[in-house]
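Per TrEMBL, the feature compositional bias 'Basic and acidic residues' maps to 524-534. According to TrEMBL, the feature region 'Disordered' maps to 508-534. Look at TrEMBL and you will find 38-57, 69-96, 117-148, 163-181, 193-213, 233-253, 274-301, 321-340, 375-393, 443-467, 479-498 tagged as transmembrane segment.
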Amino acid sequence: MTTMEKSYATSFETADDDDKELVALGYKPSFKREFSNLATISFAFSIMGLCSSIATTFNTPLTLGGPATVVWCWILGSVMCFTLGASIAEIVSAYPTCGGLYTASAQLTPKRHRARVGWLVGWLNILGQIAGISSTEFGLSVMIWAAVSIGKDGQFEITEGKVVGLFAALLVFHGILNSFATKYLARFTKGFVFVNLGTTFIIIIVLLATTPRDEMHPAKYVFGSDGLVNQTGGWNSGLAFLFGLLSVQWTMTDYDATAHISEEVKRAAYAAPSAIFIAVIGTGLIGWLFNIVLILCSGPLDDLPGSSGSAVLQIMTLRMGKAGALVLWVFVCATAFFVVQTALQAASRTIYAFSRDHGLPDAGYFGKNTKWTKTPLRAVWLTTIVSILPGLLDLASPIAANAIFSLTAMALDLSYIIPIFLRRVFHSHPDVLFKPGPFYMGDGLLGLLANTMCISWTLFICVIFSIPTILPVTPQNMNYASVITGGVTILAFLWYILGAHRHYHGPQSNLHEDNGSDRQIQSSEKDTDEKVYA
């Protein structure tokens, strides 16, 4: 540490352990820690959505690989996601800052590579989160209008203008909600998990209660070969089955969102990684049960996804009647609403952290908290406005909008495995000297196996993400995920080479800043046995 940083750190001798850890990482405590264990766990569950995420992605495995594909791909993908969730939780426990895996990636890299690695992971993570917010809010708008269509017996025209208009209004409303102080955000969030899990279990129970036993599909349809129906138009059955992984991978993403609120969490090194791990396991197991019941009670495959365009809503309407399905659908939509609420909070904190490190050409403007809320309102509204843009693009070109939406899972997943890889490769490097947090799988076989499996799986699933799901390939059904992700990466590095390298030098300590001054002072190199940025 520099003399100035040591002086500032000394003032925290009586502070709680969270603030001491943050100072050790090189940052001044700027947020109020209002998120309890319950609020943090609720946040982690809410970001995945469960019933709403399954409702919006269920069509993909069902209409590509068939009913059994839905069931088996979910549990296969969940098991692999457990390894990724555990690996992310391990890193979050060691580096509990609002920068999340972006900050950790630079910290886990030798000094000469920090700026480039931080830049890459930062932009992949930010753009993946923004695309996720936009696509989820767009999906919520479609879900709401689908319910209107069901309510009017299909005698309702859903236009692009209606979908985009509702999408934009919802995002502005989320921006307003995220403008509240942290204590109010924590109070809101506490209840999300009960609505999320409660809605899922109620739908499961009601579906089982209202489906006549003789209309339930047999086990060979739910789990066996009768449920493997290739509807891809030309791909072989093996690939059609693998396309079913897209649902679980889309649902169980944005794992590190909880990390981005670490500076607002009490006992963050314990609570944030624990919440991630619990949410991944819970979402995986409960989601599998939900998928099994949906297939069991689904009725004829030829009738799905139905006039609403949502197979889940169609199944609910078939078994519960229109009124019952629409009542429960309100809570499914509420769950999707909670996903965007938490995702917008997480993304705004990421932008705040990136701006704080001078990753944006804004002289740290978006890396400041507003005095009266102690939250980054500038970053909140920047995130909100930028998230609206892809949805507006749908008015001009739905293909282009969907191409941007497709960035979400691939960009986020790649931003996750980079720090996991670096943690293994450079853990003993003198510039790194990885110091594990309370959540730690150890240096033995368990940790190595989990890290290796999640890296290999993510690279494999990125290939699946890149393949068009329907043949013949047309401009309308082309999969642009790899093109967009690759293009973003290339443009980010061009920006870095042409000018960004002048203001961005990797994560930087702000302990030297005087009362929030925008003045940037480079800190000296850290002692190798302390976790303070150079």
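Even glycines carry a Cβ here, placed using N, Cα and C.
Because TrEMBL annotations are produced automatically, they should be read as predictions rather than curated entries.
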When counting Cβ pairs under 8 Å to the transmembrane segment (163-181), the leader among 193-213, 233-253, 274-301, 375-393, 443-467: 375-393
Considering the transmembrane segment (321-340), which listed stretch of 38-57, 117-148, 193-213, 375-393, 479-498 counts the most C-beta pairs under 8 Å: 38-57
Considering the transmembrane segment (274-301), which listed stretch of 38-57, 69-96, 117-148, 233-253 counts the most C-beta pairs under 8 Å: 69-96
Close approaches to the transmembrane segment (479-498) from elsewhere in its chain (Cβ under 8 angstroms; 6 or more beyond its ends): 115-116, 119-120, 123-124, 127, 402-404, 406-407, 409-411, 414, 462, 465-469, 504
Contact set, same chain, for the transmembrane segment (443-467): CB under 8 Å, 6 or more residues outside the stretch: 77, 80, 83-84, 86-87, 90, 239, 242-243, 245-246, 249, 406, 409-410, 413-414, 416-417, 420-421, 423-424, 427, 479, 481-482
Considering the transmembrane segment (233-253), which listed stretch of 38-57, 69-96, 117-148, 193-213 counts the most C-beta pairs under 8 Å: 69-96
